[in-house]
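Student: Right, I'll just put the structure down here and ask away after.
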Amino acid sequence: MNIKTTLIRFQSIIALLVLCIVLSFMSDKFLTPENGWNIMRQISVNVCISIGMTLVILTRGIDLSVGSILALSGAVAAGLLKYGIDVPSLNLFIGFTVFGAILGGLFVGGGLGVFNGWMITKFKVPPFVATLAMLTIARGATMLWTGGFPITGLGAHFAFIGTGWFLGIPMPVWITAILVVIAVIVTNKTKFGRYIYAIGGNESAARLSGLPINKIKIWVYTIAGILAAVGGIILTSRLDSAQPNAGFSYELDSIAAVVIGGTSLSGGRGSILGTVQGALIIGVLNSGLVLLNVSPFWQQIIKGFVILLAVILDRINHPNEE
Amino acid sequence: MEEDNIILQAVNITKKFAGVTALDNVSINVHKGKVNVIVGENGAGKSTLMKILSGVYPEYDGTLLLQGEPVNFSNPKDAMSKGIAIIHQELNLIPYLSISANIFLGREIVDPLGLLDFKKMNAITKRLLERVECNVPATTLVSSLRVGQQQQVEIAKALLEDAKVVIMDEPTSAITDAEVEVLFRIIASLKKQQVSIVYISHKLDELFLIADRFVGLRDGKMVGTIENAEQGTKDDLIRLMVGRDITNLYIKDTLPLGDEIFKVENVSLPKPSNASQFLVNNVSFSLRKGEVLGVFGLMGAGRTELLETLFGLHSERMSGSIFIDGRKVDIRSVKDAVANGMGLVPEDRKKDGLVLSMPIYKNVSMASLDQVIDNGFLNNRAENGLAKQYIADLKIKTPSQNERSKNLSGGNQQKVVLSKWLATTPKILFLDEPTRGIDVNAKNEIYHWINTLAKRGLGVLVVSSELPEIMAICDRIIVMGKSRITGEFTKNEATEDIIMNAAIL
């Protein structure tokens, strides 16, 4: 029993280790510091988004809009930084510092998250539909804001966020790691975190215990929006360019990370650290397949089967859940 | 000759769940063309036995004999094809399909082209519906039927397969009196057609109206039968069920009552769909410290809706006033209710009471997390300590406070819900059917706790549909009927007759 439960408990880590060992035998470029940082830097955006996605899914919701919110927030930050707000007819011009532009991007992400939460709690729009609508709304807004062209040339200060190093560790990894630590503490050690699990576990019991269901849900979608914006700013900074089609289908990678990490789509069960492991598995797999020169088409197929495998294992471990 | 009368036999059936024996060497006979009533307390093993008879549980020790031949049902469909149908307490119809589609689900009639033959299916459905006195077209959507009509559809579904044995699990628990009459007429006509009925119910009075014979189960064992139902008395039946006199079960001290702690004036709740019809109609009452006030009423009388309204769940539609300690309070949400010292142990503890996937300690602290928080962070030791205290106080049977709530028995789950509210140190506690589905010992412990809470000066409101229970544990009883209060009696005035008369008014 003990060996079995231990195996089940650490199945993601074990899978990750096995994957790393196998890949390091198959390619001598895999187990190098450069490749390690590379993987970490690449998954940092997905981890940012997936923290928010985990919270949303723990409440038995879903957020399909994170990819589009990422694009819009990144574009807004880039646009504010490069062009400011310029309304000649009113003789108005507001310039933005790097800090101000970032705040603007985060504000947009948070605002769209609030809107999602508001639709879901106030008008009882199912999360799938509300965030699907936001997916196209935010993407359309990104096109409007950028006119369909990338915003580039954002300067060295802004680029530091995505490409800089601090104490020998890439900045995106710092940002993501700090967010992960905060999220782990919040989910395990605070009232807010406990309420998220309670709402996902049994919303009706949570309501009858006097929990502020709507408030918690609005916050969760808001946080998901803000974290998507963080991802958008990191991505924009790393590429030195806000692409109108940035973050396309990122919501699916994010859901994949959450699911591989063992969080139940029926809510109430899962963890931030699980999601980080899920994102690592996807990142390591991507990197390994690239190093092994596997065609991108096959990469997608393999990723699909990994998701299925993860969920099948989860089913076996939790047979009695809906 | 004896053998010919028996359609279905269960011989030495034993069934265990994870080491717990649900049925212990049980043998029963189902007599042909008779209403065979299985009586027993909750947890006696009735449902398990029915699930074995109807193929829901294909694995067990022992033998089933159908007309003398050994049978083994691999699933409910298999049992049905061999003539055993079960009507579950919770009906299993698909709401957005028609009656006809539901009845023929899995057995659709197709024409030579492989397309559904609606005409034929509807015609057969129509005849079946006539047999069960259900006067609606075969094409009606099930979602638009009342519960009683849905039950008739379930029976019609059983008749389609020429069921020889129809098992009914608490068929009258959710239907109106008029529908009960229809149901009993259907049962009588089934009997004439030599269909055998296995019937489970807790409503003793109705059992005498339809039973031909009684079989008693207790703690997973067959404890006896009353072969000729007419000769049995209510006392015989109770003895068969519990093996002791039910009057010994209850304890309630008569306590001096304190000041008025809770008062309700002219509380009404209109239906969401129609503001001129009421779920709760102009209800007023008061509750004193140390008092246990019972609310009795039949299904649909508005008792649960009353509790929900008082607890802030329908604040946008309700009208009327609520006073706590003589002060008018504005309760706009459950949060306000809790902040004002109210607690509600809901009727359905699995659906509304517990987060089943969470360990006991998280459920206990759920409504009062503030007391286990230090500087914004949950204090694990304080939280565990809180749970340990209630596990000891309420004698919750569990390996530890870390056990998941779903692994507990019904009685222990109920105690966890009670703990959750006790942890909020409420002034007023609402208990909605607090002993439904739990065993006798746990029941007694809950009664004991209600008594203890009253002694501590809480005002306790108990909603119950079990008359003996409400008469034994309450100081005063209000009766609801058709959304209104139709009677109020002190403990000394209350008899089963006058309460029931007020309830059916």
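We number each residue from 1, going along the chain as drawn.
For all residues, glycine too, the Cβ spot is worked out from N, Cα and C.
In TrEMBL, annotation is done automatically, which means it is predicted and not curated.
Take a look at what TrEMBL says about it:
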TRANSMEM  A:7-27  transmembrane segment
TRANSMEM  A:39-58  transmembrane segment
TRANSMEM  A:65-85  transmembrane segment
TRANSMEM  A:91-115  transmembrane segment
TRANSMEM  A:127-145  transmembrane segment
TRANSMEM  A:165-186  transmembrane segment
TRANSMEM  A:218-236  transmembrane segment
TRANSMEM  A:272-291  transmembrane segment
Student: What else in the chain is close to the transmembrane segment (A:218-236), if you only count residues 6 or more beyond its ends and a Cβ gap under 8 Å?
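Tutor: Those are 44-46, 48-49, 51-53, 55-56, 59, 61, 63, 65-67, 69-75, 77-78, 102, 105-106, 108-114, 116-118, 120-121, 131, 154, 161-162, 172, 175, 179, 192, 196, 242, 246-247, 250, in sequence order.
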Student: Which range out of A:7-27, A:91-115, A:127-145, A:165-186, A:272-291 gives the transmembrane segment (A:65-85) the most CB pairs under 8 Å?
Tutor: A:91-115
Student: Which one of these stretches, A:7-27, A:91-115, A:165-186, has the most C-beta pairs shorter than 8 Å to the transmembrane segment (A:127-145)?
Tutor: A:91-115
Student: For the transmembrane segment (A:7-27), which recorded stretch in the set A:39-58, A:165-186, A:272-291 gives the largest number of Cβ pairs separated by under 8 Å?
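Tutor: Going through each listed stretch, the top one turns out to be A:272-291.
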Student: Could you tell me what the rest of the chain brings near the transmembrane segment (A:39-58), counting residues at least six beyond its ends with Cβ under 8 Å?
Tutor: 66-67, 70, 127, 170, 172-173, 175-176, 179-180, 183, 187, 196-197, 200, 220-221, 223-228, 230-231, 234-235, 238, 250-251, 253-255, 257-258, 261, 263-265, 267-272, 274-276, 278-280, 282-284, 286-287
